[in-house]
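Here's the structure, in structure tokens; my notes come after.
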Amino acid sequence: MEFIVKESRKVWIPNHPTHGYRPGLVDDNAESGEFLTVFDDEGNKFQVARSEALAVDAACLTGVEDLLTLGDFNEPALLHNIRVRYDQDSIYTGIGMPILISVNPYQNIPGLYSQETMRQYKRLAAKAPSQSGGGLPIHLYTVADAAYRAMLSEKASQSIIISGESGAGKTEATKRMLAYLAELQSSKSEHRGGRRSVESQVLDANPVLEAFGNAKTVRNDNSSRFGKFIEVEFDSGGKLLSAQISNYLLEKCRIVHQQPEERNYHIFYQLCTAFSKGQVAKDLQLQPASDFEYSKECTEIAGLDDDAEFTAVLDCMSSLGFTQEERDTIFRIVAAVLHLGEVEIVACARNGSDGVSVAEDKTLPLVCDLLGVTSEQMNDVLEHKTFEDPLTETIIHRPHDVSSASFTRHSMAKVVYARLFDWLVWRINESISHKNQQKDVRKIGLLDIYGFEVFEWNSFEQLCINFANEKLQQHFNMHMFSLEQRLYTSEGINWSHITWQDNQHIIDSLDKRPLGLFCLVDSECLMPQSTDSSLFTKILNNFRSSKVIYKASRFGNTDFGVAHYAGEVVYSVETFLMKNTGKLSKDVVSLFKNSEVELVRRLFTDPRFAPPEQAPARGAGARSARRGSRQEERQRQNVTVSMMFREQLERLVEDLNKTNPRYVRCIKPNGNKRPNELDSLDVLRQLRCAGMLESIRIRRAGYAVRRPFKEFFARFRILAPNLVPGPDPDYRSLCQRLVLEVEERLGDAAKQQKLWQLGQSRVFMKEDLERKMEQMIVESAKRQVQTIQRCWRGFVGRRYFVQVRRAAMTFQATFRTLQQREAFLRQRHAALQIQ
């Protein structure tokens with residue numbers, strides 16, 4: 001966009017060394033030409049091409065909370081507005097109602113999430129349901145309240161999709177909105193027999209899941225290493241009934257290995273600290289976390305008290321109904337995983353060939369005791385591998401080498417912990433998901449899933465995480481751009497077409513059959529002689545001419561790059577096949593199936609926790625029975641990690657498509673996790689990748705509110721009481737007359753803004769017009785209520801007056817009667833005296 005720059009006018013300085021864009025003052029005395037001479041606030045001089053000079057909207061210099069209200073909107077205005085508000089500790093900025101930009105402050109802002117603040121938003125929304133948060137600064141509570149009110153008024157399920165890079169504050173945003181939805185229930189809660197309310201239990205689930213599923217990474221001290229979708233169910237009156245949590249792809253490799261300056265899952269450090277203070281059983285035999293191979297990389301987080309966090313986890317477990325036996329067993333399994341990392345495997349000769357043995361110390365017996373298996377069985381699994389000859393069906397035993405034995409030990413640690421986590425989610429759901437017979441159930445779903453990740457070394461987990469972000473970005477694009485434009489076209493609405501960055505070609509390169517990247521990895525996993533090197537060769541050959549997937553020549557010989565929507569990421573194919581196969585040795589399965597610890601045994605026999613690709617070890621049944629199940633077993637074993645994850649993602653997107661979505665786009669202000677520091681260039685990159693500029697343009701150009709004619713007329717007919725529909729009403733005509741009447745009442749300014757249009761089947765309106773009409777309904781209802789009150793007071797007054805008058809007349813008649821009687825008695829008495 002080109003602006004005519006007048007004298008003494010401020011323009012945006014592009015490519016500013018510290019701010020990306022910065023407002024500057026045009027030098028009035030400089031010679032005219034192709035370039036303007038511009039000075040920033042510090043007096044630095046810049047040359048800006050006159051043809052590219054963008055005028056500064058004064059509103060964004062002080063910061064506006066709704067970007068749709070900016071007069072001249074452009075990328076510099078977006079960035080500067082975010083920066084100004086961040087400096088004011090105003091970390092939330094809206095794009096109308098469905099999109100909220102949230103910048104992580106990396107500090108506690110006094111009063112931002114206090115109980116009183118929550119109640120203020122709740123009280124205001126209760127007074128004016130059509131204006132969630134109206135009169136208060138835009139907030140996460142505004143989004144949560146809008147979803148709740150829309151669920152009730154539209155009688156449809158809602159969703160809030162929280163997205164952003166790792167460390168942008170997604171988990172915190174999810175917790176705050178969940179807390180607000182629970183606060184809305186505070187007046188409706190029923191406590192029977194001392195049982196905790198459902199909303200309290202939903203909130204108590206978070207600390208438990210964070211302890212077992214969150215960890216410190218380089219970019220985030222409390223990074224969610226799994227995805228979760230929380231569906232909160234309400235009845236038709238808005239009362240919270242139950243909740244359900246779905247979890248996605250826990251990062252297993254973190255259990256046995258962490259990058260420098262990163263921690264394992266929080267529970268390991270909490271448990272070690274609790275053991276040192278005598279809070280858990282002595283038979284766990286734990287030491288400081290720094291003494292364990294699986295937790296020694298980094299043991300502390302600044303400002304975090306593991307002991308206090310563990311106490312909170314225990315309290316929440318009690319609230320959720322975990323028994324003491326369940327808690328003790330959980331901690332036994334967690335401790336066993338730590339001790340498993342200390343089992344020492346040494347090379348030795350076995351029957352004239354290389355083999356291994358487990359060092360004779362007390363570690364292995366301790367692990368076996370905690371997991372309820374025998375030392376002999378565990379030794380056998382770690383020292384030998386068993387497989388079946390496919391031709392003769394003969395069981396063959398071969399000794400492990402050090403590498404494969406260590407791999408088996410790590411695999412056991414990962415699978416035991418990962419399945420324990422799945423069981424925890426199931427157990428929490430048993431507490432917060434209550435069966436009810438109500439048919440009219442509505443939901444609000446909150447999606448908190450991994451942010452886009454780029455590390456120095458990126459592997460299979462990062463590819464899956466970034467693919468999930470691609471799918472969510474596509475969902476955002478579909479709802480904000482593609483579906484919007486299709487609807488306007490089909491309804492015959494006049495508007496300005498918006499171009500936007502579609503990422504479908506990226507998703508196709510990763511997921512499209514038969515030669516998408518994931519399909520190649522899956523097929524290579526089925527090949528008996530495949531290696532990471534052979535996979536790398538196939539990737540290069542298949543994507544030789546691709547602009548999305550390419551060889552990262554400046555890196556290692558096994559590295560390839562992917563041009564994601566959020567930026568380029570280089571992945572190493574090392575361990576891709578191993579991580580994607582996810583196959584677990586049948587010996588390991590058999591070992592834990594026979595555990596004396598019920599929970600451990602259940603993790604390997606219950607299909608809810610044992611993935612379908614890991615069939616239990618064969619029994620001693622007939623050979624014919626084994627042949628009959630061979631094909632079914634092969635099918636189960638051919639299911640890869642990526643297949644299951646992509647299937648989960650498809651189901652998730654299908655669920656989201658059934659809801660009316662709202663979006664919280666979390667932004668990370670800097671890579672140092674420091675407060676009051678904003679890296680303008682990186683923030684601008686995140687805003688571009690999130691499609692915020694296009695979102696604002698389409699929200700400004702489009703019509704956010706669209707209601708079918710009949711629904712619109714039923715909602716707003718109170719504003720035009722003279723419009724009475726006939727037996728076969730033309731709702732389109734009625735709606736047109738109704739809106740024209742409203743427009744007439746609002747004045748000429750409303751007519752000039754083109755706040756509404758009529759489509760083929762519905763009314764399209766700007767949010768501003770809907771807010772005004774809703775306010776008019778409130779005012780109209782208030783006037784009618786006042787009229788009713790006046791009439792009632794008049795009726796009551798008249799009735800009271802009649803009653804008083806009747807009573808007065810009765811009193812007067814009685815009084816006169818008494819007077820006459822008294823006079824008569826006096827006269828009679830006098831007459832008798834005379835006589």
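Every residue gets a Cβ built from N, Cα and C, even glycine.
Note: TrEMBL annotation is automatic and uncurated.
Annotated domain 'Myosin motor' per TrEMBL: 62-778, in sequence order. Predicted-model confidence for the domain 'Myosin motor' (62-778) is 87, expressed as mean pLDDT.
When secondary structure is read from DSSP and collapsed to three states, Gly164 (ATP binding site) falls in the strand class. Cβ contacts within 10 Å of Gly164 (ATP binding site), excluding its own Cβ and spanning all protein chains shown: 25. Residues or ranges marked as ATP binding site in TrEMBL: Gly164, Glu165, Ser166, Gly167, Ala168, Gly169, Lys170, Thr171.
Annotation comment: TrEMBL describes 609-639 as region 'Disordered'.
Away from its own ends, the region 'Actin-binding' (649-671) comes close to residues 82, 86, 97-106, 140, 143, 146-147, 150, 154, 156-170, 173, 177, 219, 229, 231, 246, 248, 443, 445, 447, 451, 467-468, 471, 475-476, 479, 677-679, 682-683, 686-687, 690, 692 of its chain (Cβ-Cβ under 8 Å, at least six residues beyond either end). Summarising the annotation, TrEMBL assigns region 'Actin-binding' to 649-671.
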Tertiary neighbours of Thr171 (ATP binding site) (same chain, Cβ under 8 Å, six or more apart): Glu210, Asn214, Asn222, Ser223, Ser224, Asp448
Lys170 (ATP binding site), number of other Cβ atoms within 10 Å: 27
Under 8 Å by Cβ from Ala168 (ATP binding site), counting only residues of that chain that are 6 or more apart: Ser102, Asn104, Gly451, Cys666, Ile667, Lys668, Gln686
Nonlocal neighbours by CB distance (under 8 Å) for Gly167 (ATP binding site), same chain, sequence gap 6 or more: Asn104, Thr217, Arg219, Asn220, Ser223, Gly451, Lys668, Lys673
Summary of DSSP states over the region 'Actin-binding' (649-671), given as helix, strand and coil counts: 9 helix, 8 strand, 6 coil
Cβ-Cβ distance under 8 Å to Glu165 (ATP binding site), same chain, at least six residues away: Arg219, Gly451, Phe452, Glu453, Ala566, Cys666, Lys668, Gln686
Where Lys170 (ATP binding site) falls in three-state DSSP terms: helix
